[in-house]
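Engineer: Right, I'll just put the structure down here and ask away after.
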Amino acid sequence: MIRVLFMGTPAYAKTILEALWFSEEVEVVGVVSQPDKPVGRRQELTPPPVKESCLRLAPHTPLFQPENLKEERWAKEWRALEPDFIVVAAYGKILPKVILDIAPCINLHASILPLYRGASPIHESLRRGDAWSGVSAMRMEEGLDCGEVLGCSFVEIKEEWGVSRLFEELANRAAALTLKVLKRFSEIRPLPQVGADSSYCRKIRKEEGLVGFVNAKELYDQFRAYKVWPGIFLRSELKLKEITLLSETGEHHMGEILAINKEGVVVGCKEGSLRILMVQAPSKKEVDAVSYVNGKRLGVGDILF
């Protein structure tokens, strides 16, 4: 039986954790997740998905939510669990060396390393319009996602996929890859990352959702990447809640309404065009785009801004 201490926080990590629980060859000896955080307008204290899964499926498994990993007691308690491995998936904090030294630490990073090291690899892959993504199992060491690679799983990104769908696909691939690496760990010949090929992605900021009608394909890719948060919005703070890419070519006045029909509002970009289906004005409810432009008395040839 392979003894695993698991560290993770969001739904991506929950999928991996549940695969470990349902494996007959793995024993999860402890779960570490971020502390509960206020969520929504009411700021209700909400447990992360990994904690919810732990309480539902394995309520007797030791569960830890440390504020500060550098406190000596955490390394002491986790070492006492005698894990063979520490599996880390989107935990959200950098692990100090004292924890890395407890047992081999395997991180499931949602990119093909060394591409997109850092906090938002899935969003970055969509924002750049990549045709492929994937997950990497990496032997952790001090530094940001720079350890030796133990295995990868590739995923072809379909054009209609947004961030939620790609998250789901990568989580399933990561779960399968985790079990494979744990079972074959002693046989694997790790591959060092080539630093010259590396790229980095930071934590997403709200202002990155600001868009303009310059390039239709790039705007659509921003929508795919940021649909969950922060969303995409114009300078007027009008949120574009649902859009589709019509054409990557064709030159238009930026924001010009090209057509209004039952399928939505077609808007031109400096390069290409989009169909807008749903929008949301500041402090208003989400409405279909046709109702919005009709309410604003906008017609074909007018500018949406």
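Glycine is treated like the rest: Cβ placed from N, Cα and C.
So Swiss-Prot has the following annotated:
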BINDING   SER111, ILE112, LEU113, PRO114  (6S)-5,6,7,8-tetrahydrofolate binding site
Engineer: To test your reading of the (6S)-5,6,7,8-tetrahydrofolate site: which residues beyond SER111, ILE112, LEU113, PRO114, same chain only, put their Cβ within 8 Å of the Cβ centroid of those residues?
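Structural biologist: Close Cβ neighbours, site residues excluded: HIS109, LEU115, TYR116, ARG117, PRO121, GLY134, SER136, ASP145, VAL149, CYS152, GLN193, SER198.
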Engineer: For each of ILE112, LEU113, count the other CB atoms within 10 A of its CB; which of these binding-site residues has the top count?
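Structural biologist: When each Cβ's neighbours within 10 Å are tallied, LEU113 leads.
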Engineer: Around SER111 ((6S)-5,6,7,8-tetrahydrofolate binding site), which residues of its chain at least 6 apart sit with Cβ under 8 Å of its Cβ?
Structural biologist: ARG117, PRO121, ILE122, GLU124, SER125, SER133, GLY134, VAL135, SER136
Engineer: In the three-state scheme derived from DSSP, which category covers LEU113 ((6S)-5,6,7,8-tetrahydrofolate binding site)?
Structural biologist: coil
